[in-house]
């Protein structure tokens, strides 16, 4: 399902980023489309006043340089460093890191049409890659610009893009790694710090990336151009030598430096102090050294090769420290230590090397003579050897990298020409495609321009010529393919300047070679004179002698001026002949050929010594290599990247208009724009144009079902296009003026508001409908699923119930038989029912004797369970009893044993607790307590004593001690009865409280038995029985009790039941006790 989100917040930049669900985002119009719909780059035109236009072709005033630079300024201010001129990419160095080179950004540009996204180096790389894959034609990307403009970084970004986005395998990954790792190696050996750039490429580089039929990078090849060898021996103030020297000194291990004879101080080496700039804050030589060492390993350098390579680098430093002395006409070496180190590192004999550095070999009439060198010649020979060794080693290094990038199963054909190496690839069995990267110096104009600037600007003239030809050809081919009449374009054809430089016998290079080869005293000034004689009448050539008075004021007598396509440049001829000759004495070549260093033996071929032909000059070699480069580029479909640096101070955010105008001129960007705008400023395929603008016409909105060309015609007529403003091709519409496109885009921007409202309304309705349908379907599915579950549960319960009933009935039938399968369920159920009923109806306490009736099979088990239950309740009850309660229970047990079922008022005493005493300390006379002495009183109770004579009642206190029972009256102890002398205790069975304490009649201390009455008779007698241990001596009588009255007389107490308690003396002389009956027996 497609998701659509629209917000009208233009930023001027189109960035297609994947969303959470893999959809594409247009951050300009905020369109997100998961089905791959992409926003067009025309969307950014709505913000053109703020961020400029993304294509200079759309500038209304395209002939104005000021308008061109102002558009650059707007975009630079918004960190939009890329802008198109048609298919040409203009890049401004931001001098800071921008978050536009991530893997996500690579994916945004992968497989996207060129104009569907904002300008970017990835768009150029992807367009070349897709053209190579779809059209089967080799491609090349030409990167040019001043030093510090970002050419090297641009080539790195292209390589990184291919490394990430192209198909990969284990073998392909190795090639990718080597392609990427070749950059730090070449930068270390070929780049240096200059006044304009801390990492300036001091050589031109063309790299072929080879792709197999799957589109995977499988190989590569590099060609280098015009290495600035003079930097090895001399640097301008504020500049450095090549990076590798400083990296080796700063990052090399101590053992390595000791082996090479180097010190960790660049100030010790003459070749490193000329620029007086050994260290740069933006360069970390130690860290870069680690990167280079790792890169050499990845590329495939063996340890021996690395060692020999570093020996050569160190030998160059030692060579610079070789000092000469002696007479002016006969130089000699004064630094013996340096020459020994140098000979060891180069692998040559010390004496042979010493002689070669102080003499030159002359062949006269077939004889070889050794001529001594003066101090100046010796120094020049030393510097020439250093340049030759370093230059050829650099060429070997490039060749070694090429070997590591070789596409396997290929046939290679090598051609070596002087200091340049060309590689032609023939492949009769396996097809592959190529994308070339040309990272080469841009047009250079300095205050002092020499031979190097002459070659560089000649190269740019050739590239400009190629660019104009290919651009016009591309335009013409597109017009012809679309059936649009081609109108000839007037432009400056710089072929006349190229011919001035390279024409045979008449060109500047030919004249320079001729002057270098002719015998006699040839000099730079004689070369200048010959130029004046030969090409002095050329419209694009001026010298001080040929110039008018005004021009002579700004030209030196040793200068000549060329009127290049990009402007006028003055060249100083001093050093032209020496740099063009680039000669190395024969005996120095012979010494190098004898070297034991395998790299040097490959760099200095012995065939050179036997070849009597004079080697080509540097200019001729460069001309030949440039011609080969033109052939390579002409055979490929080119793309262009023009790099601009915004300021000389390398500051981010600073826009130097004067410097940029200078580069715009020398890069030929205005000429490029003028050629591109000679016809129509804007063109798009019908389907793309109609898809974008169809909403502006009722006849084409929302869909057009007819021919695309008819739909576009209907659309432009509705928009009011004039005939001179556009042309209809076979598959594209061509719009001549940018203002026509701007008006259309503005109309679309206005239309977006109403479209957005309609789209949002339609989308919301559609999404809500889909949401409702989804919820409804989900509810139906859940309901059906739940009903099914409930039905299955009910059916299962019915089946289980039926089975249970069947088993129960069968078991009931067989219930009286032995246990068998038919009745086991029933019997188990009966047992289970009994146990569950028992669990619910267990006795609540020890007095509860209830117990469910068990089935016959569980009678024995039930009895065991009942006993266990009772024991458990008793145990639990006893566990809860306190010591006080236990003592109370023991007394109650004794009372029960004595009085239960014997005395009428016993049941009423059971629920009443026995107390420890019925009299407290206040109720007992202190004299009584004093009389008791140490005896501890255990129980005291008020009683009534009946006299022996007349049975008169008298209040007394009965005190129980450990040994005796004491009867007290106020402060007197009336009678003490020892427990040992107590014969027994008598009490009636009625509810009265009268009891008799029987004592021995023969005891003189006692006056006879004691008749007492207590309101707490059960408690009192139980206490006496416990204290006297006379439990079994208590007699419960019915009817009457006999007791001894003293002097051998007996008394009788008659007990009769009545309605109330009455104690009195009867007429018969007995004590009559009437008591009510409380319990029936």
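Glycine is no exception: its Cβ is also placed from the backbone N, Cα and C atoms.
According to TrEMBL, the protein has these features:
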type    : residues                               : note
BINDING : 145, 146, 147, 148, 149, 150, 151, 152 : ATP binding site
DOMAIN  : 52-749                                 : domain 'Myosin motor'
DOMAIN  : 903-1077                               : domain 'TH1'
REGION  : 626-648                                : region 'Actin-binding'
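Packing against the region 'Actin-binding' (626-648) from elsewhere in the chain are residues 72, 76, 85, 87-95, 121, 124, 127-128, 131, 135, 137-146, 148-151, 154, 196-197, 206, 223, 225, 422, 434, 436, 438, 442, 458-459, 462, 466-467, 470, 654-656, 659-660, 663-664, 667, 669: each is 6 or more residues past its ends and has a CB under 8 Å from a CB in it. DSSP places the residues of the region 'Actin-binding' (626-648) in helix, strand and coil in these numbers: 9 helix, 8 strand, 6 coil.
Annotated ATP site 145, 146, 147, 148, 149, 150, 151, 152; additional same-chain residues within 8 Å of its Cβ mean position, judged by their own Cβ, are 93, 197, 200, 201, 442, 643, 645. Neighbour counts of Cβ atoms within 10 Å were compared for the binding-site residues 147, 152, and the top value is held by 152. Its Cβ placed at the centre, residue 148 (ATP binding site) has 23 other Cβ atoms within 10 Å. On the 0 to 100 pLDDT scale, the domain 'TH1' (903-1077) averages 88 in this prediction.
Just so you know, the Cβ of residue 150 (ATP binding site) picks up 24 other Cβ atoms within 10 Å once every protein chain is counted. Cβ neighbours within 10 Å of residue 149 (ATP binding site), excluding its own Cβ and spanning all shown chains: 25.
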